[in-house]
Amino acid sequence: MFARLVRSIFGSSNDRSLRGYQRRVQQINALEPELAALTDAELQARTILLKQKLADGATLDGILPEAFAIVREASKRVFGMRHFDVQLIGGMVLHDGKIAEMRTGEGKTLVATLPVYLNALTGKGVHVVTVNDYLARRDAETMGQLYSFLGLSTGIVVHGQEELERRAAYHADITYGTNNEFGFDYLRDNMKYRLEDMVQRDFTYAIVDEVDSILIDEARTPLIISGPAEDSSNLYRSVDAVVRELVKDPAAFEKDEKQRSVHLTEAGSEKVEEMLHASGILTDGNLYDTFNITVLHHVQQSLRAHTLFERNVEYIVRDDKVIIIDEFTGRMMDGRRYSEGLHQALEAKEHVTVQQENQTLASITFQNYFRMYPKLAGMTGTALTEADEFAEIYKLDVLAVPTNLPVQRKDGDDEVYRTAREKYEAVANLIEEIRTRGQPVLVGTTSIEKSEVIKQLLDQKRIPAELLNAKQHEREAIIVAEAGAPGRVTIATNMAGRGTDIKLGGNAEARIQTELADMPEGPERDAAIARIEQEVQEAHEAVRKAGGLFVIGTERHESRRIDNQLRGRSGRQGDPGESRFFLSLEDDLMRIFGSDRMGAMLQRLGLKDGEAIIHPWINKALEKAQKKVEARNFDMRKNVLKYDDVMNDQRKEVYAQRREFMNADDVSETVADMREEVIDTLITRHIPERAFQEQWDTAGLAAGLRALLNADIPVEQWGREEGVDEAEMRRRVQAAATELMDVKAAHAGADAMRYIEKALLLQTLDQVWKEHLLLLDQLRQGIGLRAYGQRDPLNEYKSEAFSLFNAMLDELKQRVTAILAQVEFGAPPPASADPFVSGSSQFVESHPEPVSIRMAVGPNGEDIPLPPPPPAMFSAAYADVEGIDFNDPSTWINVPRNAPCPCGSGQKYKHCHGRLG
């Protein structure tokens, strides 16, 4: 109550911020007459003047009024559209690095031109991020006309572009693209071998369109670049056949829909073991024995695929592929795959080709990618419900920008039915009634399957309807553009079509493009255009009189924001409209989050078949349930971020070190330091500090140095000499190693040696980082169990991840030292050949013969990864293990599980000859 009183006197913080922006709007408006009097050439010259002001020390805030006024005047001349005052406010919110909440139809795309132009004047590049390639292309092509008029260049980054196109796009003043493409380009750049091959510039400023979708809904979805791992497709198919039978017995497993988890019961474990033994998949022991851990993992993923993932809801099957459906947008996510074998389990379930498993080479979440921008802003129609999350995770404030005209949409109370069948019949009956008034209808559903149920009901009533879901992805823009035509019925999965306005009466531009595509320019085409525009204008007036667009929601989403997005499709720019949600006790939200009380209440009311209850109390109860779910999801995203931050800190260190190597002309000093550290560690292992000379293991040291440096160093002889202490031994060994490498360098030639050291360092860093990512993934999967031992899983993860990171750095030094010592150099590469131009070096190795090295690229110009180093280099890893014979696998039984396999595959022993089961 006190808070309401304070707001009534002083206004909310949102109101106070808006008043500050309003004063600057007056400054911008005051410049309009002066700029309107300029010729096009004079207006365009203002861009050069503003750039000069910045060069002379002016700030962006200082030139903001003039820059915004110039953009508004240019927009009037290029598009015939003048920015409203509220759009100027939206532009200032974005320039200040905040999130502007602007209702659907308020012209967010045009608003973005204001801060984009202003910040692009610095020449450092501005990124405009959209949710799909279609919107990126559309906005870049349309708004690019305005930027071009003002003397700025525009680039676009979309899927399938060549490197040269991408580099040119990023070096433009303004770059449009999707969140996926920006993120993947960052990862790809950090796998390059020359700075000049990188496509992105340093990050400066980004505006994220539909910011809630990208930074909230997709926050937990990492971008992953992966390479092929071992092929286990047969095991997936075999396990799928077993689990397919198992799930027919409900007593075999327990499912928790709130947590989206499933596990075997005791009876289920016994049953699946019997089936696995009978099918020959299990040959010894029980399912939970250590050596059967791989089979257990496959069973768990197959069980998830059969019980938690539904076809046409979470995914569709097309062209022999399982394609993920984005739960928030309903769009296909072609190219995205579930990790940890889940996607392969779904492929086996659907009897399509089981693709090879992949190993992560590089990954990043959108949370950590976008937090790298020094200045970040966003715009959306719905952000206030997630304001706390934006503030806590991204340090972004949310400001609600008022609409240009008052919202006239009528939002009806929810109607709740007992069953889904009754609900869908009520929806179909309402649509039939609405169409008679000439009102267009947009029906929102949560899955492809449910959208097709409604379509079938409408077909029975002979009501034509357009279906907009992942299966009609290609026609999305056309369907949405015409969704406002009189009597048109459009059924959309979630927010498919987001980013395209639904205009009452239809879209004249879309009709002209489709109906007159083949008609040549001339009087006939002009007449046809005039006719279409007249028809659309008449239809617009008819639909307005009929009540505008009627939005029907067929289910409440877990997030209020998604429901608000659906409602927001109606009532754009002061248009009339209506919205209403139809629910049933069988809906996911009602069923999972407390429909028992509501169901009991409906029974007490004596609700009959086909009847609904409509009461504001229902809306409040649902909103309360949604808030609980939103809070839970926020906590989950925060928790994921805490773990990802550990990897993110390590990733930043590795990428910074990698860039330092790329930038260096000569890394010989780094390589020498690595060699010195590795040799020091080896000496310490065999000659402990303050040990007597007779306690030295000089034979072991000699063997270790032979394996590491591919040379016999007479340490045993030195150890017998009078007066040789530990320090003298270290000095002699280091001097001998340096001399060996100096001889190699002289033989190879100075230039060739610099190439080789740099290539080796970068490739080996990539290799150990890839292996480290796999270890972190495995650590993350099981770390939650530490809670049972009264230990904090996050602290345990941080501690062990740090230890693994240090071990990775040690492995890097070991491999670089060993490989450089093992190689023999042929002729140096030709002076004109640069090994980093289009691919990386290929190291061909063997054991125990000396190694030859050559620079090469693959047949298609692809990078050829570094093959694993020879087994000899790992001898030091087995220094404390007796009886190891590298040529006899039967002697490897005591090899440490995490040590490199003695066979030389480059994999850890536990993933190779030490594989369990």
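Every residue gets a Cβ built from N, Cα and C, even glycine.
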Which of these, ASP459, ASP501, ASP518, ASP526, does Swiss-Prot list as part of the ATP site with GLN87, GLY105, GLU106, GLY107, LYS108, THR109? ASP501
Cβ within 8 Å of the ATP site's Cβ centroid: which residues qualify beyond GLN87, GLY105, GLU106, GLY107, LYS108, THR109, ASP501? MET102, THR104, LEU110, VAL111
Hey, does DSSP put ASP501 (ATP binding site) in a helix, a strand, or just coil? coil
Measuring CB to CB from LYS108 (ATP binding site), give everything in the same chain under 8 Å that is also at least six residues away in sequence. GLY90, ALA100, MET102, ASP209, MET379, THR380, GLY381
Give the maximum pairwise CA distance in Å, whole number, for the residues GLN87, GLY105, GLU106, GLY107, LYS108, THR109, ASP501 listed as binding ATP. 17
